[in-house]
Amino acid sequence: MTMATTTTPAASATPRSHGTAARRPRFVHAVTFEWIKVRSIRSTWWTLFAASFITVGVGVLGGGHAHSGESAALVLREIFVGLPLGQVAICLFGVLAATSEYGTGSIRSTFTAVPHRPRLLAAKALVVFAVSLVTGLLISFATYTAGSLALGTQVAHPALSDGAVLRAVLGGGCYLGVLGVLALALGLVLRASAGGITTAVSVTFILPIVFRMMGDSGQPLLKWWPTEAGQQILLLIPSPENLAPLPGFGYFATLTLVALIGATVLVNRRDA
């Protein structure tokens, strides 16, 4: 009796490369990766919530102090008097979205997970912009609503049915959205939380104050300063010495994009 032996073909020594294994992370994967990191940082959300709460509270105080003889433009300006607090929170968020990884050293793992630096930074910028925009819109509309409810019966009420008022309220959120990306770019360049936050606050607050103190000689600098130009979208009646609301915001957004591209080029070369 003969025994038949069956042999199985030997597995190929060279493993076949599967498309999913060899494929690099796509942009949507990078966005998801960045969103998970941002969502896991509790201090970020507490900072944004606290700034939103304080900004709305200051808006209520501003609305309560509005007088009957003031125009709707001035009333809206008083309601939005607390918006700089929202700017501080957005600056902190944007800077820390970049510098926190450098501080902990986790940026190496991030670069390993997504080796393509421009794709990674574009995803990070998109997440920062989305969070800043949504937060900014919530702050802007909540401040407008709460401040309007605090107005007296004889005070001019800026209504959203007025196109200029709607543009200003929407513009407040859009301005904060772009500001978050600018702060992110500064954080990527400086890589240090203290330096990035100090620079962002200086760009947004301190330098414009210095330009105003310079009088007429500082007006050209103030007119073309990025954040000041972007804030013109918040005004119902902008000053003729400054850029118009929409061109000013477009100018601010363009310079922010240039700053982000410059930061991307620097990170791609420096942090290899």
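The chain as shown is numbered from 1 upward.
Glycine is treated like the rest: Cβ placed from N, Cα and C.
Annotations in TrEMBL come from automatic prediction, not curation.
Residues or ranges marked as region 'Disordered' in TrEMBL: 1-21.
Taken from TrEMBL, the feature compositional bias 'Low complexity' covers 1-15.
Remote same-chain residues near the transmembrane segment (45-67) are listed as 74-75, 78-83, 85-86, 88-90, 92-93, 131, 135, 138-139, 142-144, 146-152, 155 (criterion: CB distance under 8 Å, separation of at least six residues from the stretch ends). Per TrEMBL, the feature transmembrane segment maps to 45-67 (among others).
Taken from TrEMBL, the feature transmembrane segment covers 79-99 (among others).
Residues or ranges marked as transmembrane segment by TrEMBL: 120-144 (among others).
Beyond the ends of the transmembrane segment (164-190), by six or more residues, the same chain brings 72, 76, 80, 83, 86-87, 90-99, 121, 124-125, 128-141, 143-144, 158, 196, 199-200, 203-204, 226-227, 230-231, 233-236, 245, 249, 252-253, 256-257, 259-260, 262-264, 266-267 to within a C-beta distance below 8 angstroms of the stretch. Summarising the annotation, TrEMBL assigns transmembrane segment to 164-190 (among others).
The transmembrane segment annotation in TrEMBL covers 197-215 (among others).
According to TrEMBL, the transmembrane segment annotation covers 248-267 (among others).
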